[in-house]
Amino acid sequence: MMLIPTHHFRGIERKPEYLQPEKCIPPPHSRPAGTMWFIRDGCGIACAIVTWFLVLYAEFVVLFVMLIPSRDYVYSVINGLVFNLLAFLALASHCRAMLTDPGAVPKGNATKEFIESLQLKPGQAVYKCPKCCSIKPDRAHHCSVCKRCIRKMDHHCPWVNNCVGENNQKYFVLFTMYIALISLHALIMVGFHFLHCFEEDWTKCSSFSPPTTVILLILLCFEGLLFLIFTSVMFGTQVHSICTDETGIERLQRKNQRRQRRGSWKSVKETFGGAFSLHWFNPFSGPSHPKPLSDRDWVRQVSSVSDTENTETTTEEPSEERKDLDSAEVVDE
């Protein structure tokens, strides 16, 4: 067996079964191909419902308080079409981000037979996740909500009830962008509507009573301002992560990545699905999915000097320090 640094022993002594691949067996009922991805998390489902409710509330106020009662039909038609298009794209992006597999690693593949088939060489190791009994490829992290290891996991977002990972980051970016745009659009319309109502009789600028109209507009203004700030920050953070080829977890852990980073433009094209086109903004157009993981993708080079002193190989359980980082991998927004 390979010599293992002293700080590894604490975790090994507590959970010796973590280093026994024969304890890992595939799950009795594997997920059929083509099955819709959906996380059964009460908090996430509630947050997703609240998201849809707030968008529909904005839709109601914009249409029935501001646009339909307006006597300027051109203004109403143009703004109605723009707002409804952005709202549709935002909700479509939300559904795609929520119902798309973010890049889950096959569950229960850390079996003795599979590890032996990798034919590890001196200086190589595989990292096994004891929580889902899976081999963790490079840049994969375990999510305690999804109960799976997710490739290139950025964070778990309760508002879309899913992890943001390799396969659905585009949809999450589009969701934040379209929500920011409809929030800005709603705020502008609220401002114009207030000016219009102050100049004219309040009873003529809305089909609701003046107090009800003011309350509805103030709530929409508060909602729009809050979501504009929140989603703009998230959009900027996601774009920065894509351009720097660094996930939120990697940035949080402040690890020195020895991997070769991709160029900013290449990373953007892979995330959004090819060269720049209108498909980038289409939530029904998928990203450029990477090739299926090969045997060498499961194997990592042992980086520490003490790990390479012996020429034999082993399957490694993450150290106590590494498990402490894993416990912080689910970063709620």
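Just so you know, glycine gets a Cβ as well, placed from its N, Cα and C.
Curation does not apply to TrEMBL; its annotations are automatic.
Feature annotations, courtesy of TrEMBL:
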| type | residues | note |
| --- | --- | --- |
| TRANSMEM | 45-67 | transmembrane segment |
| TRANSMEM | 73-92 | transmembrane segment |
| DOMAIN | 128-254 | domain 'Palmitoyltransferase DHHC' |
| TRANSMEM | 171-194 | transmembrane segment |
| TRANSMEM | 214-235 | transmembrane segment |
| REGION | 302-333 | region 'Disordered' |
| COMPBIAS | 303-313 | compositional bias 'Low complexity' |
For the domain 'Palmitoyltransferase DHHC' (128-254), what is the mean per-residue pLDDT, to the nearest integer?
90
Give me the DSSP three-state residue breakdown of the domain 'Palmitoyltransferase DHHC' (128-254), ordered helix, strand, coil.
75 helix, 19 strand, 33 coil
